[in-house]
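**Student:** Here you go, one structure.
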């Protein structure tokens, strides 16, 4: 009865716990078996989301699997701890180290690397069967058991399973929360801890280091069957709550049964009621523990008590059960003997029963066989009715003594505290010990371990770096194919490195081929081929594709199914021919035919990546046309490389690695952006790079420096350069990229303000934006104004900023007093110079009329108590309806707002007009602000494609007048050819070119390349016009000072007029790289950056130098000893007056031109330019054409020439019909002579004639040489006389000519160059003596060369000359032979008519004529009489009437013939008659102008002679002999002997200063087309 009543208690307690364990075990088995099976080879089991489970090695690691693992995942290592209990196999492992157990943090699948690996092989020791149980505690993410190598064939049982004696172990796992663990989990964990510590020893420490549960003491028998009975929430030791160690101490003491104190145990649970109804009885008991060492110590009180139960009356059918029980007596049994009878939670209750009771039973045997014990007796109360009760106890106890001495068993003392961990880092050991009190009187020794050991792990060891190491290779997997060729592989894992060690090197997987046997291969369809082309491109067609059957092989089955299939295609409507864009070759790319609405794509150029897109669209008439291609997806290689480098740095920053090289990336991007962007995709790429840089700055990866901040802002400025305008327009096609720019700058201000600790104020001024950053505390903050005092701007556009921003100090208040004391605010203000033109807000009627200003405050305030004040200066005049707008991406579309505003909104800002040029905006939020204005009806800001009418009129009038002047000069160039004329024509060309470029520049503002070229050339021609004015002044100065001598001066004029402007422009373009040449509004130098000084500076210098030269020329004109030549003085005065008038007018013209070009809205500047430009053209024509006397005379002569040509008086012609051309000199002489054709020539004196064409004054040093040297004689004429003409010497004295009536001197031109005429006869000696005696006289003699038109001169028949002068017109030439008949009293000796050998001095002619035959003996010489005295009577030109066809030997000169065409005699007669009454006084006025002509022609002839020297083969051929009937004077060419009057030994003559020296012609290699006729046309004998 007593055992039956006590049994239900423990069963009721254990039933729920056993049920829970059973369910969890089955759940774990089901989860584990879901992923594995006997047939799988690669078996992996992952357990997660479970808190308790069980598995066996045979289920998880099947025998035929090559590599298996079991993994338990911790839900959260910070909140849960994993515990494992392993029941080892009874026999040791056949393969040691086959199964490994470890924990790790994570596993990288790509590299097969375990991170944070910690092995538990040392803790579990699965192959050590000496400890049947092993426990471990894991705190990382994963706990894994993995079989490293498969079992060998000898290890497998008969069914291929693990033998139970080797590797058949079982595992229980438990997941316990670190805080407030569950009661059931703590019960199981405490049992595990108890078993772990019970079996722990030095060789096998306990693997459970600590528990979150408060384990309580209780009866611990078999850990697997004896549940712990909780006694409270904590474990007590000496009255203090402790941990699991205290609980384990109590458990051990209770298990030994030797308590230190006696007394009653707690009451057991109430037993079963004796009756179902009508009142029954329940009882409960308790146990008395005797006090050790106290003799006779017992417990006072009853051992058992009862109470009534089921008091309900029984019904008619009710039954009452009556059972009898005997009361238990108190004994001294040990606790273990009571077993499950020991109950708890009992409460005393009065016994009830019948008044009559039975008698006491006999006393029981003494409870102790030795020493003091207890005896008990009991009685029963017999109930007779329900109203009576038994009085008194039902059981009694008494002490009893036994004479035998009781044995005292050994007892354990308290456990010592746990020792310190044996290792300060890594895995170590802790232990504790206890002392056993020795047994006495044959007692039993102490049971249980004397020492307990467990693992400990305080911290990770920070030792040296540990490199990652590979685990062993797994075995080769089963061949992937059961037959034919297959693959096998094996893998290995890497234990991750620690403390910065190196990664595992090598591959984690290896593969190899395997072949088992040939397999029968069925036929298998290959993949479908791609669909073929549609049968029609539109209107409905079909496509076909097919597949190929591979096989069958080795007896396999054939392929099943169709081999090809069809589908419909091309259902769209066919486009009409006019709806297709034709193939086009545009931008060096061939664009194929594309239907309208589609986009064609081609690869970007080689220097970029991506695609060029071009859309085909329909116009309003439905005709397809190509749109311009877009390069929005093209990114240059340099920008792409920078973008990839930045992304790599950002990836490192996100992983927390140290950063290096960020500053170099920013510097490289700055250098690339300064060179400009090639494509619109470069802009988007740069924004992406800057965005990534901002993210890098935000992290601890890299701290930006002030240089990085400056480079960052400069890069943004480079993006906003004018040359990127068209690329920004393309970039807007992919979305509003302006908001990305605003967001980028805002994030940059935030990052820089808070990442740079030493930052207070920062100003960054660039060409296109100004950035201001202020960092200030909230406490004591004042109003912030932009720009601040002490503005340090360097750019021209930002030196005097017209836009202002005021941020009230109320913005810097957070509303919390504590926060305001420590808060720091960053205020960023950005002023964009030209961003408004990139935002596509400019329309036909509206325009962004201000710069764009962005204001940022970090951290952003909740609201603005005081509005933000922004003052804008208007950019355009003539606008109305100024409206403040702000950038608001969150603002929805408003019905009242125009659709073109986009994210711009006018809500939140109030407009306050200040004046006509300024507007104030009061805004209640922080954003980006600007002003939108309405254009007036007559104004539009669109780019005009044609210049204004005013500019066209001004440039046209000026250019036409100057062009007319150039045409006039060209038409009369042979009359007015001079250096001054050359300078004037160059000056006019520079002005005409400037006017044309001004008009072209007005139409090319959108074409960047053309506009830049126009600006550069306009700069060049503006400067050249100033330089040519300076050149004219310089020429005048050199003329008045007499230094205008050589052709080198002319080259200097060209260098000054064209070279100096070209040098200035080249230097400007080189230094600026063409930046500043052209802007978005005009094709001229930018007004900012200082490039305009490249024009203003040189122009001002030219004006200053011109003034200085003008002053010097003026002083020369007004001084007494200044210019004596009246003509030169007049020219110098005209040049000075021209400079004084033209130069100021030129400066005003170009100044107004610059203003008109740069400000196209101003009509005043355009009108001023038109007036000044037109006036300049008229003034230049007036000064240099209408008022210039030379031009007037030249025009008159030109008109006369045209009239004469119309009348047929052409001045002679060749025999073959070609017109004979006059030289410039002949024409000028003819011009000067025509005005006096019918005058009396009697007044013309010999001195006048000879002094007209005298040689220009020589330099002083040459004059001195001539004065010291011997007087010139006829014996040594200048060599160039025979080559070109007879040119008078200024040093020849002209005395009265002697009367030689019977002698004549005939000079004929020979083809050989540099002929010398040498005479030693008496007549020449006489002439020499006469000339030397008359040297002191002032008259100069000259050789006069008459023009070609002298054939029309009319002779004066009435003139009777004193001297017999015969003028013989030579046939074929215009050479006039003047001969004087000698008197009879003046005998002369005629030299033989033969040519001296050599024909000339050896150093002169380059080609020697053929050797002549032996000459005849010379005739006897006659003495020369003294010459008669010549009176200074004016000679007259007489006409002999017929030419001297056969000059006799008395001619006195060796004549040479020329093989040229014969001139008509009638033409010569007409010219003679025309010059009969010539007034040679008029010829003197043209002498100065013709001096240079003579020099140039002389150089030409000299150069031709040198050419003949260089090519001897061409001139050494003998001339073809002509028949006598064609040439009357052929006999003159017959060779003769050397005459007696020619000196046989010629001494070398010193070069005469009168001889014109040869100067290299402009092009040395050019062939000068001069024939004999051209040379002879210039010679005339006087």
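Just so you know, glycine gets a Cβ as well, placed from its N, Cα and C.
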**Student:** According to Swiss-Prot, which stretch among 267-289, 290-312, 313-335 corresponds to the feature region 'Disordered'?
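**Tutor:** Comparing 267-289, 290-312, 313-335 with Swiss-Prot, region 'Disordered' matches 313-335.
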**Student:** Write down the single range among 949-969, 1201-1221, 1222-1242 that appears in Swiss-Prot as transmembrane segment.
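**Tutor:** It is 949-969 that Swiss-Prot describes as transmembrane segment.
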**Student:** Can you tell me if Swiss-Prot, going by its topological domain labels, places residue 976 on the same membrane side as residue 1034?
**Tutor:** yes
**Student:** In Swiss-Prot, which of the ranges 1032-1052, 1053-1073, 1116-1136 has the transmembrane segment annotation?
**Tutor:** 1053-1073
**Student:** Can you tell me which of these residues Swiss-Prot lists as N-linked glycosylation site: 607, 1302?
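**Tutor:** Among 607, 1302, the one Swiss-Prot marks as N-linked glycosylation site is 607.
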**Student:** What is the separation, in Å, between the Cα atoms of residue 692 (N-linked glycosylation site) and residue 881 (N-linked glycosylation site)?
**Tutor:** 41
**Student:** What counts of helix, strand and coil residues does DSSP assign across the domain 'TSP type-1 5' (522-575)?
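**Tutor:** Result for the domain 'TSP type-1 5' (522-575), in helix, strand, coil order: 0 helix, 17 strand, 37 coil.
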**Student:** By the DSSP assignment reduced to helix, strand and coil, which category contains residue 877 (N-linked glycosylation site)?
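**Tutor:** Its secondary structure by DSSP: coil.
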**Student:** Residue 607 (N-linked glycosylation site) to residue 877 (N-linked glycosylation site): how many Å between their Cα atoms?
**Tutor:** 44
**Student:** Whole-number Å distance between the CA of residue 401 (N-linked glycosylation site) and the CA of residue 881 (N-linked glycosylation site)?
**Tutor:** 124
**Student:** Is residue 607 (N-linked glycosylation site) helix, strand or coil when read with DSSP?
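**Tutor:** Assignment for residue 607 (N-linked glycosylation site) reads coil.
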**Student:** Give me the non-local Cβ neighbours of residue 881 (N-linked glycosylation site): same chain, 6+ apart in sequence, Cβ-Cβ under 8 Å, ordered along the sequence.
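**Tutor:** Expected: 933, 934.
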**Student:** Take every residue in the domain 'TSP type-1 5' (522-575), average their pLDDT values, and give the whole-number result.
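**Tutor:** Across the residues of the domain 'TSP type-1 5' (522-575) the model's pLDDT averages 88 on the 0 to 100 scale.
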**Student:** Helix, strand or coil: which one is residue 692 (N-linked glycosylation site) in, per DSSP?
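**Tutor:** The three-state answer is helix.
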